[in-house]
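S.K.: Quick one: the structure is below, questions incoming.
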Amino acid sequence: MDTAKEVAQDQKWENDKDDITSNYGGQDESNQQNIKNVSNKSLTLDELVGQCVIFFLAGYDTTASTLSYVSYLLALHPEIQTKLYVELREILQSTKGELTYEALQEMKYLDNVISESMRLYPAVTRLERMTVSDCKLGNSGITVPKGMIVTIPIYAIQRDPNLFPDPEKFDPDRFTPEERAKRDPCAFMPFGAGPRNCVGMRFALMEVKVCLAYVIANFKIMRCPETKVPLEFHLGPGLLISKHLVLKFEERTDKILLK
């Protein structure tokens, strides 16, 4: 962390000089202060560096785990994998094989598949928050005092049958706009919620989508004798890590040519 802060301090002068010729024109002191106070929020150097460090430390295992679990579920449900392949082929035909940002945004079923996978196997199984004021829990007579750490069991919430009927079933159609509208937004929180949700959410989702698009375009993901059903997990401090996840990848004869 200290090294990262030193680098950030060294770069500050260079960044200030670059701002003078940036697309937004000169950044005088008053303009910089206005930008800093957008929505009355600002980040200290420590907070900025901390978020950058999180990108490196927290973004690797969680993204890799998500890709593993999506692949596992697609191997167990070939009909869903086929539907995903058809969507990918149709959209990429319209873009002449270019996997653009806009093309990825059109892949609604891909988004549903990833969301349903993260519901069943969230990379982070719980969140912790500190109360900023006393909070009364309805008419229960219980008050959570200011400064208390509250644990939010993401894994359990996302498998609650009251929120997700038949919760053990892998069903990407749970995440169509119509089905989403029926649920409380906090029923699904793989990236957290509120102003302190995962800062790398958009980057992580784009990374997962691009990787899956290339894999599905070129391979069929299949189970093999070594594939364990159900999965077994390591006991850990909030990360969902499988013990033994083995799959078979078979090269497609009907590959989608990507540019």
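Cβ coordinates are placed from backbone N, Cα and C, and glycine is handled just like the others.
The feature heme binding site is assigned by TrEMBL to CYS198. Look at TrEMBL and you will find 1-20 tagged as compositional bias 'Basic and acidic residues'. Marked as compositional bias 'Polar residues' by TrEMBL: 21-32. What TrEMBL lists as region 'Disordered' is 1-32.
Provide an account of the burial state, proximal residues and distances for the features listed.
M.R.: CYS198 (heme binding site) carries neither a helix nor a strand DSSP state and counts as coil. Within the same chain, residues at least 6 positions away in sequence whose Cβ sits under 8 Å from that of CYS198 (heme binding site) are PHE191, GLY192, ALA204.
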